[in-house]
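Novice: Sharing a structure below in C-alpha cells format, with a few things to ask.
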C-alpha cells in the first residue's frame with residue numbers, strides 16, 4: 001500500500017476532516033476549514049498537549065493572550081526589523097518566489113548536496129548560486145529574475161477608524177511574545193518560582209509566500225507553545241529534558257520511531273537569539289517536515305522587552321539571594337501540522353480475506369474524533385440503542401448510525417478512526433449486553449450494558 005497525500009486529502013475532504021476555505025466562492029488560496037470530524041481531532045490533540053504540558057506538569061501554568069499587541073512588542077522581538085523572506089520576481093511571467101526555496105527545490109530535483117541549510121546564506125550568495133546554476137522560473141522556465149528583496153511576513157492592519165501610522169497594529173506571527181510580556185504578571189499571581197513554564201494555544205499569522213502541502217504550511221495557523229524559564233547555566237539540562245518530553249508525547253499518541261527524527265540545527269541555521277535548536281520532524285508522504293522546534297532562546301526575549309519597555313524583567317531568587325534574567329527553553333509545536341501528522345500516521349489500507357481492502361485510521365483512542373459508534377442491528381432496536389448512546393455520550397463523543405447493513409457501518413467507522421463500535425442486537429433486549437468491536441483487531445466481545453462505562457474508562461487514557 002502506497003500512502004500518498006492525494007489519498008489522505010481525498011479522505012479528509014470526503015469524510016469531514018478538512019474542507020477548502022470559502023469553497024462556494026471559489027475558495028481562498030491555502031485556507032482550510034476543519035469539518036465535523038476535523039475539529040474533534042484537532043481539539044483532542046490540543047487537549048492531549050494541554051494535559052501533559054500544563055495540567056499534569058508540576059512546573060507549568062497556562063495563559064491565553066491577545067492576538068493584537070502594542071506594536072512596540074514587535075520592535076522588541078525583532079519581528080518588525082528582521083522577520084522577512086528573501087524574494088525575487090521573474091521578469092518574464094511576474095511570478096514571485098522565495099530565493100531559498102528555489103535553491104532547495106533545485107537541489108532536491110538534481111540530487112545536489114548544498115552542504116547544509118540555505119538559511120544562513122546571504123542574499124548575494126543566493127543570487128550568485130541561482131545565476132551560476134542557471135536555475136529557471138518554475139512557472140515559465142526562463143532565467144530572468146530581479147534582485148533579491150526582503151519581504152516582511154507580518155500581516156498589518158489598523159486599529160480604530162483612521163488608517164494612519166499611529167493606529168497600525170499587526171496580527172501576531174507567534175504566540176510566544178504574549179507570554180514574554182506577561183512573564184512578571186504570571187510569576188507574581190501564580191507564585192511560581194524559577195524554573196517554571198507558561199503554556200499557550202492560539203492562532204498566529206504569517207504572510208508566507210510559498211505555503212502548501214495541505215494544512216502543513218498555511219498563513220493562518222495554530223500554535224501550542226511553552227516558554228520555560230530557568231536559571232542561566234541550567235538551560236542545557238532543561239533543553240535536554242523538554243526535547244525528550246516532546247518525543248515521548250508523540251510516541252505515547254502513536255507516532256512510530258521510524259516516522260520521526262530529531263534534527264539539530266547547524267551553527268549557520270541557528271536564529272541569532274538561539275544557543276541551540278532541535279527540530280522534531282515527521283516523515284510525511286511529501287517528505288520530512290518540521291513539527292516541533294525546541295530552542296534555547298537564552299535571555300534574549302526578556303532582555304529585549306526590558307530594554308524597549310523600560311520595565312524590569314528580572315527575577316529575584318529569594319533562596320540564593322540573587323537577581324537574574326531567566327533563560328528560556330521553547331518547545332513550539334504547530335497544532336495543524338501535528339494534527340496532519342497524526343492523520344498521515346493513522347492512515348492505512350489493509351488487505352482482507354477474499355481480496356477486500358479496508359481503509360482504516362488507526363488513531364490513538366485519546367485523539368480519535370469519534371470514540372464509540374453505536375450501531376443498532378435493526379431500526380426496530382433503536383429505542384434500546386439510543387439509551388446506550390444517551391448514557392455514553394455524557395462521557396465520550398459517540399456517533400449513532402442505523403443506516404445500511406452492519407458490515408458497511410463498521411467500514412464507515414473504520415474509515416473515520418472510531419476505536420470501538422457497539423452493536424445493539426436482538427439478544428440485547430434479553431441479556432442486557434452488547435457486542436463491542438475493536439477497530440484494529442476487528443475482534444468482538446460481549447459486555448454488559450451496565451459495565452460499559454467502566455469498560456471504556458481505561459481505553460482512552462494515554
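Keep in mind that glycine also has a Cβ here, set from the backbone N, Cα and C atoms.
Quick paste from Swiss-Prot:
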type	residues	note
BINDING	98, 174, 221, 222, 223, 224, 225, 330, 331, 332, 333, 334	substrate binding site
BINDING	206-208, 216-221, 290-291, 334-337	ATP binding site
Novice: Around the C-beta of residue 221 (substrate binding site), how many further C-beta atoms are within 10 angstroms, looking at every protein chain?
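Specialist: Excluding its own Cβ, the number within 10 Å is 19.
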Novice: May I ask for the distance between residue 337 (ATP binding site) and residue 221 (substrate binding site), taken between their Cα atoms and rounded to an integer number of Å?
Specialist: 9
Novice: For residue 291 (ATP binding site), which of the listed binding-site residues (98, 221, 225, 333) have their CA atom within 10 A of its CA?
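Specialist: Neighbours among binding-site residues, in sequence order: 333.
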Novice: Would you mind reading off the Cα separation of residue 98 (substrate binding site) from residue 208 (ATP binding site), to the nearest angstrom?
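Specialist: With the alpha carbons as reference points, the distance is 9 Å.
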Novice: Roughly how many angstrom lie between the C-alpha atoms of residue 335 (ATP binding site) and residue 225 (substrate binding site)?
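Specialist: That separation, Cα to Cα, works out to 10 Å.
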Novice: At a 10 A cut-off on CB-CB distances, which of the binding-site residues 208, 225 has the highest count?
Specialist: 225
Novice: Spatially, which candidate from the binding-site residues 221, 223, 225, 331, 333 is nearest to residue 206 (ATP binding site), comparing Cα atoms?
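Specialist: Among 221, 223, 225, 331, 333, 221.
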Novice: Can you check what DSSP calls residue 98 (substrate binding site), collapsed to helix, strand or coil?
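Specialist: Looking at the DSSP assignment, residue 98 (substrate binding site) belongs to a strand.
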Novice: Are there residues of the same chain, six or more positions away from residue 331 (substrate binding site), whose CB falls under 8 angstroms from its CB, and which are they?
Specialist: 53, 225, 226, 228, 242, 243, 245, 246, 292, 293, 294
